[in-house]
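Peer 1: Right, I'll just put the structure down here and ask away after.
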Amino acid sequence: MPLPALRLPRAPGVPSSPDLNERSGMGSLPGPPSPKALSPSPTSAPATPQTLIDASELKRLFDAQRRHLNHFFDHLDLTQARAFSQILLDAPGAIFFSGVGKSGFVARKLSQTLASLGFVRAAYLSPVDALHGDIGAVSWGDVLVLISKSGSSEELLRLVPCARAKGAYLVSVTSVEGNPLAAGCDMNVHLPLERELCPFDLAPVTSAAVQMVFGDTVAVALMAARNLTKEEYATNHPAGRIGKSLIFKVKDVMKKKEELPVCKEGDLIMDQLVELTSKGCGCLLVIDSEYRLIGTFTDGDLRRTLKACGEGIFKLTVGEMCNRNPRTIASDAMAVDAMQKMESPPSPVQFLPVVDDNNIVVGIVTLHGLVSAGL
């Protein structure tokens, strides 16, 4: 029995016969270029210089966007905004956000922001996936926030009766007056929109910014209403710079015990060069017999002493040239506070001795260590 003829797969993007545009109903869209057209010609003219952004035009656009955003702030109904915020705060169930296109990205971001607060159960609900089973996550007492500039997105309009049948409270957030989505929801929040910054007044570059500003401001209002503390907020951000700045303490990032570059005030400077350079701190911690801090001597102090005294440095002790009033910090202080203290006037420093209530050295925290920890 003869084997069927082998048919090689068609290259991606190359239409079969009949024409791909005809079969897909896309009219007379141009087809893909032929491989020959893609090949550079050895005799072709050099490429023209790249078009540059005009600075004055860029400034005009930023000024126009600012005016559009100011229109939103000047015309927002604060009574509506407060009622919407209260609904989210008092929601007996979960809060779902949904949207299509750019409004969908905003909805997803706002759901994540509220979820990060800890006291709100929030999630994003895809309007398409909701009609294929995800609507099962919605139940009585939940709030569904539908975000749409026009209020006429077909996917959201189809979702309205399904969510209502599940017992959800529906809120539309729109910018066009008299839209069908607002008519089908329990509440509507109107976000005033003068126009899009897009020269065709089509691309949602201003409306999406307005939606984001409104949603994030409401989220902060909820934080204020619940008196959310830094510690509570930090429990939901254990990773990343936010969490580390709110959770990490000095004792979590400081060098301890044998890592400390310590010496006595009677030690000769030249005898402590190895200790000064080998511990990676850029300094010496000058202590007494009970480990109490007397002062600090840095590699910068070494250079200045050498410049001022020359060969006389061989006879100088650390105690004679050390700084006896260094900045210090406690081990229970926040690591982010240590960084701020290092950067504070009159001049920044690269380390802080860590001492207890009796001025006994228990560690040292360095700027390098804080940065390495992700702060």
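Cβ coordinates are placed from backbone N, Cα and C, and glycine is handled just like the others.
Taken from TrEMBL, the feature compositional bias 'Low complexity' applies to 1-11, 36-49. Positions annotated as region 'Disordered' by TrEMBL: 1-49. Residues annotated as domain 'SIS' in TrEMBL: 84-228. What TrEMBL lists as site 'Catalytically relevant' is Lys102, Glu155, Glu196, His237. Annotation source TrEMBL lists domain 'CBS' at 254-316, 322-375.
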Peer 1: Within the domain 'CBS' (254-316) only, compute the mean pLDDT.
Peer 2: 93
Peer 1: Roughly how many Å lie between the Cα atoms of Lys102 (site 'Catalytically relevant') and Glu155 (site 'Catalytically relevant'), rounded to a whole value?
Peer 2: 14
Peer 1: What count of other C-beta atoms do you get within 10 angstroms of the C-beta of Lys102 (site 'Catalytically relevant'), across all chains shown?
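Peer 2: Excluding its own Cβ, the number within 10 Å is 18.
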Peer 1: How many neighbouring Cβ atoms, not counting its own, are there within 10 Å of the Cβ of Glu155 (site 'Catalytically relevant')?
Peer 2: 18
Peer 1: Cα of Glu155 (site 'Catalytically relevant') to Cα of Glu196 (site 'Catalytically relevant'): how many Å, rounded?
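Peer 2: Approximately 23 Å lies between the Cα of Glu155 (site 'Catalytically relevant') and that of Glu196 (site 'Catalytically relevant').
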Peer 1: Summarise the domain 'SIS' (84-228) by DSSP state, stating how many residues are helix, strand and coil.
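Peer 2: Its residues fall into 65 helix, 23 strand, 57 coil.
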Peer 1: Provide the number of Cβ atoms within 10 Å of the Cβ of Glu196 (site 'Catalytically relevant'), excluding the reference atom itself.
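Peer 2: Step by step: centre on the Cβ of Glu196 (site 'Catalytically relevant'), count other Cβ atoms within 10 Å, giving 20.
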Peer 1: What does the DSSP secondary structure composition of the domain 'CBS' (322-375) look like, as residue counts for helix, strand and coil?
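Peer 2: Here the numbers are 15 helix, 15 strand, 24 coil.
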Peer 1: Which residue counts does DSSP give the domain 'CBS' (254-316) for helix, strand and coil?
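Peer 2: So the domain 'CBS' (254-316) is made up of 30 helix, 17 strand, 16 coil.
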